[in-house]
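First comes the structure, then the notes that go with it.
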Amino acid sequence: MNTVKTVRELRAAVARARGEGKRIGFVPTMGNLHSGHAALVTKAAQRADFVVASIFVNPLQFGANEDLDKYPRTLAADQERLVQAGCNLLFAPTVEEMYPDGMSVQTRVSVPQLSEGLCGASRPGHFEGVATVVNKLFNMVQPDLAVFGEKDYQQLAVIRAMVRDLNMPIQIIGEPTVRAEDGLALSSRNGYLTPEQRTAAPALYRTLQHIAAGIGRGQRDFAALVAEGQAQLSAAGFRPDYLEVRHAVSLRPAVINDRDLVVIAAAYLGNTRLIDNLYLHLEEKTA
């Protein structure tokens with residue numbers, strides 16, 4: 001695996017691979033990689049001939065009071081993990097390389113509606129930052145396909161919409177969430193948890209499972225199920241940001257006739273914000 005730091009080097013390396021007739025796969029990350037990221041790269045390697053990963057902690061998607069400065073930078077360990085997962089090329093640019101004229105004058109990409117509510121409500125500007133940097137990376141790499149984790153469900157929906165609306169010839173692949181044995185979704189932010197918080201953290205996924213099980217049994221009072229779930233989270237030491245049942249594609253609030261749903265949540269344990277979701281498909285009842 002080669003590592004490049006400039007757009008010029010990136011484009012030259014991708015052009016060589018494409019000139020050899022290779023299908024290009026892409027996995028954008030912010031580094032501090034774990035097994036969940038490795039699964040994305042492995043999926044890309046299964047679907048493409050040449051896999052590009054990027055590591056860039058994007059300031060544009062962090063709010064004023066968020067953890068940009070303390071976000072871990074672990075390049076050497078990340079490079080080793082990428083090699084093991086089957087990555088061919090790592091793009092690790094500086095902020096200056098990505099935003100040469102500064103972020104204040106950077107053209108922004110905004111995906112309306114899908115970016116609003118849920119994480120967008122408590123993190124204003126976050127998805128604009130995500131859409132902008134992913135758009136830039138797509139233009140730099142020009143991949144045939146890109147792989148994103150389903151743990152960041154709203155982000156995946158935003159990116160799918162951006163690619164569709166802007167007619168980008170890129171296949172977007174969602175990879176199922178990788179979990180620890182106790183059910184906690186793998187996340188770079190799990191490292192911020194104290195041992196006690198880490199023990200409590202799986203309650204987030206158990207709450208989603210509880211709500212999904214109720215829906216599966218035929219309960220359609222989503223508000224009542226969510227209220228139960230919020231009580232469970234609070235009892236486990238969480239401070240819920242949101243917990244909702246949404247339509248799995250449009251992310252609008254679910255209605256009783258919906259067949260594809262996602263139970264989606266964000267909650268704080270101490271100062272650490274964790275997110276998770278659980279998709280469920282309901283079969284239509286036959287007479």
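Cβ coordinates come from backbone N, Cα and C, glycine included.
Keep in mind the model is a prediction, meaning the values are calculated, not measured.
Here Swiss-Prot flags His37 as active site, proton donor, drawing on sequence analysis. Look at His37 (active site, proton donor): DSSP puts it in a helix.
Reduced to three states, the DSSP call for Met30 (ATP binding site) is coil. Taken from Swiss-Prot, the feature ATP binding site applies to 30-37, 149-152, Val178, 186-189.
DSSP assigns Gln155 ((R)-pantoate binding site) to a helix. Contacts of Gln155 ((R)-pantoate binding site) defined by a Cβ separation under 8 A and a same-chain sequence distance of 6+ are given as Cys119, Phe127, Val130, Phe148, in order along the sequence. Sequence annotations record features per position, and here Swiss-Prot assigns (R)-pantoate binding site to Gln61, Gln155.
The beta-alanine binding site annotation in Swiss-Prot covers Gln61. Within its own chain, Gln61 ((R)-pantoate binding site) has Gly125, His126, Phe127, Glu128, Gly129, Val130, Val133 as residues 6 or more apart in sequence whose C-beta sits under 8 angstroms from its own. In the three-state DSSP classification, Gln61 ((R)-pantoate binding site) falls within a helix.
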Cβ contacts of Met30 (ATP binding site) (under 8 Å, same chain, 6 or more positions away): Ile55, Phe56, Val57, Asn58, Tyr71, Ser188
Binding-site residues compared (Leu33, Val178) - highest count of Cβ atoms within 10 Å: Leu33
Coarse DSSP state, helix versus strand versus coil, of Ser188 (ATP binding site): helix
For Gly36 (ATP binding site), the number of other Cβ atoms found within 10 Å of its own Cβ: 20
